[in-house]
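Features reported for this protein in TrEMBL:
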- 623-637: compositional bias 'Polar residues' (COMPBIAS)
- 615-637: region 'Disordered' (REGION)
- 28-47: transmembrane segment (TRANSMEM)
- 67-87: transmembrane segment (TRANSMEM)
- 99-121: transmembrane segment (TRANSMEM)
- 142-163: transmembrane segment (TRANSMEM)
- 175-192: transmembrane segment (TRANSMEM)
- 199-219: transmembrane segment (TRANSMEM)
- 254-272: transmembrane segment (TRANSMEM)
- 293-318: transmembrane segment (TRANSMEM)
- 350-373: transmembrane segment (TRANSMEM)
- 422-447: transmembrane segment (TRANSMEM)
- 454-475: transmembrane segment (TRANSMEM)
- 526-549: transmembrane segment (TRANSMEM)
Amino acid sequence: MSVGVDTCPWLPGTDTDTVTSTFSLVDYVVFVLLLVFSLAIGLYHAFRGWGQHTVGQLLMADRKMSCLPVALSLLATFQSAVAILGVPSEIYRFGTQYWFLGCSYFLGLLIPAHVFIPVFYRLHLTSAYEYLELRFNKAVRVCGTVTFIFQMVIYMGVVLYAPSLALNAVTGFDLWLSVLTIGLVCTVYTALGGLKAVIWTDVFQTLVMFLGQLVVIIVGSRKVGGMVHVWEVASEHGRISGIELDPDPFVRHTFWTLAFGGVFMMLSLYGVNQAQVQRYLSSRTEKAAVLSCYAVFPCQQVVLCMSCLIGLVMFVYYQKCPMSTQQAQAAPDQFVLYFVMDLLKGLPGLPGLFVACLFSGSLSTISSAFNSLATVTMEDLIRPWFPQFSEVQAIMLSRILAFGYGLLCLGMAYISSQMGPVLQAALSIFGMVGGPLLGLFCLGMFFPCANPPGAIVGLLAGLIMAFWIGIGSIVTNMASGMAPSPSNTSNFFLPSNLTTVTMTTLMPSTTLSKPTGLKRLYSLSYLWYSAHNSTTVIVVGLIVSLLTGGMRGRTLNPRTIYPVLPRLLALLPLSCQKRFHCISYSQVDLSADTAAFPEKMSNGMLKNSGDEAVAVPEEGSAHQGNSPTFILQETSL
């Protein structure tokens with residue numbers, strides 16, 4: 001397939017429908033070098049000390065990673081081709097309102113750093129879902145693991161398909177051969193090298209992503225007259241958005257939707273997702289894990305700014321240089337690649353660098369998913385039932401699992417080809433499935449009265465609600481046959497070598513007439529999916545827990561609880577704390593080994609006694625018989 005538009009002030013004497021190929025041999029060399037270097041890094045860590053590897057090294061990098069590589073790996077894990085393609089297209093079509101998503105990064109990373117990481121790290125977990133067994137029981141752990149596997153396998157299909165579709169549109173390179181290439185390369189180095197290989201390839205691929213986007217911004221702004229001119233033209237055409245304070249959650253993008261709905265999306269990604277938790281837990285110290293989470297914040301802001309600037313430069317470029325007919329009929333998520341090929345025409349190697357940037361995003365995300373999927377399957381679904389596995393057998397099985405998930409995700413790429421624009425499709429899946437998982441962890445961590453029946457029923461309710469709204473919106477839009485407005489959805493045209501169809505996205509659309517009743521519910525903004533679904537889990541889980549007796553008669557590990565109210569009250573003056581009759585953190589001895597409880601309780605369990613949650617030691621513990629009672633929660637303040 002050929003691309004490129006030649007009708008521009010700096011490319012005179014051409015026709016808008018004339019397209020020329022711009023992907024040269026040098027570009028192919030740059031692209032192949034990315035795959036070769038990624039594979040080489042992975043194989044280096046795979047064969048370094050071959051035969052001496054342990055399961056801990058393979059799945060957790062021996063828990064000796066430093067802050068910087070972990071931070072870059074955290075960034076790369078979900079900074080995939082989905083975002084590199086989708087965000088500039090979003091800005092090009094709808095303006096800079098999406099930029100306010102950056103406001104959600106503050107709480108979305110601060111909460112994991114000070115709530116989730118301390119609890120997970122001090123429990124010395126390998127899988128995040130081990131927490132669910134410690135807090136509830138094995139059945140809840142299995143439910144959480146199966147939900148995560150479902151979430152990540154589907155998401156990997158989107159991430160694997162997106163850059164392959166882009167490469168097909170730009171170069172004519174066979175779509176499914178591209179899918180196989182990236183999938184197999186990633187599978188090989190992930191299965192053989194383990195988490196350490198994944199983290200260090202992420203570092204390399206992150207640098208490639210930064211470089212590729214930076215080149216587009218610099219070259220593009222110079223060609224259209226500089227960034228000042230870009231901003232002026234974008235402002236004249238209404239692409240620079242102000243703060244939209246409409247509180248309506250059914251409006252696709254507002255300040256509240258992006259800044260606060262986005263917090264829940266960020267928490268589902270950086271708080272409880274195994275792909276990220278595994279990186280925190282691979283850090284050599286808890287402080288390094290927290291610092292790596294802090295380091296992601298400025299990096300995320302820079303990445304978001306770069307993507308938004310590419311969208312603005314692209315908008316100004318096409319004001320001077322109209323799209324060809326072929327480009328105008330392409331999927332919105334292909335706009336960026338067409339723009340890059342037009343922009344970097346005559347600069348050999350740079351188009352290949354940007355395509356390498358896209359594939360870096362996909363490689364980093366997919367490798368993280370394969371590794372995390374293999375880890376949770378091994379730790380949550382196999383080892384508890386077959387503890388007799390030797391170290392060699394466990395290593396071999398972990399590698400087989402990584403290969404198996406790689407092949408499974410290759411198949412899911414076909415399903416992804418039937419989805420709408422990839423940015424919203426990917427975020428929808430995380431909202432639909434990630435939201436209930438976030439709610440499950442919050443239910444266990446913040447509500448001591450929640451019990452296993454409440455957790456399971458709450459999770460099921462959250463998943464049912466998620467898919468009810470998600471699938472209902474698609475069915476409603478298809479049945480209505482009405483063209484959606486540009487404020488809430490978009491058309492999706494597949495390239496001309498495939499069957500051309502028009503589909504609504506996974507997001508509910510707002511038609512010209514406002515929907516009512518259930519149709520109104522189906523138009524909920526996709527960025528509120530995580531908040532809505534996680535809240536459903538918590539509310540239903542608490543109701544069921546209270547109806548089934550709460551934690552009465554059940555033991556509760558104090559290290560699995562993060563007591564929000566006592567921590568907030570501890571910030572008040574001592575006189576105010578006495579008025580509330582609540583324990584103060586100045587009155588107890590905090591342990592470095594527990595997130596929120598005295599050292600005397602670190603080996604104990606919590607057991608419900610009447611109306612109070614009291615600490616009692618485990619049988620055989622050093623404190624048995626002389627452990628004092630600590631009031632953690634009272635029925636009234």
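Using the three backbone atoms N, Cα and C, a Cβ is placed for every residue, glycine included.
Since this is a predicted model, take the numbers as computed values, not measurements.
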Quiz item: Per the definition of 3+ C-beta pairs under 8 A with sequence separation of 6 or more, do the transmembrane segment (142-163) and the transmembrane segment (175-192) touch?
Solution: yes
Among 28-47, 67-87, 175-192, 254-272, 350-373, the stretch with the most Cβ pairs under 8 Å to the transmembrane segment (526-549) is 254-272
Counting only residues at least 6 beyond its ends, the same-chain positions whose CB falls under 8 A of a CB in the transmembrane segment (454-475) are 132, 136, 139-140, 143-144, 147, 428, 431-433, 435-437, 439-440, 443-444, 504, 506-509, 518, 521-524, 529, 532-534, 536-546, 548
Within the same chain, the residues 6 or more beyond the ends of the transmembrane segment (99-121) and with Cβ under 8 Å of it are 91, 128, 131, 241, 243, 253, 255, 258-263, 265-267, 269-272, 276-277, 280-281, 283, 286, 289-290, 293-294, 296-297, 300-301, 304-305, 308, 441, 445, 527, 559-560, 562, 595
Maximum Cβ pairs under 8 Å to the transmembrane segment (67-87) among 28-47, 175-192, 350-373 is reached by 350-373
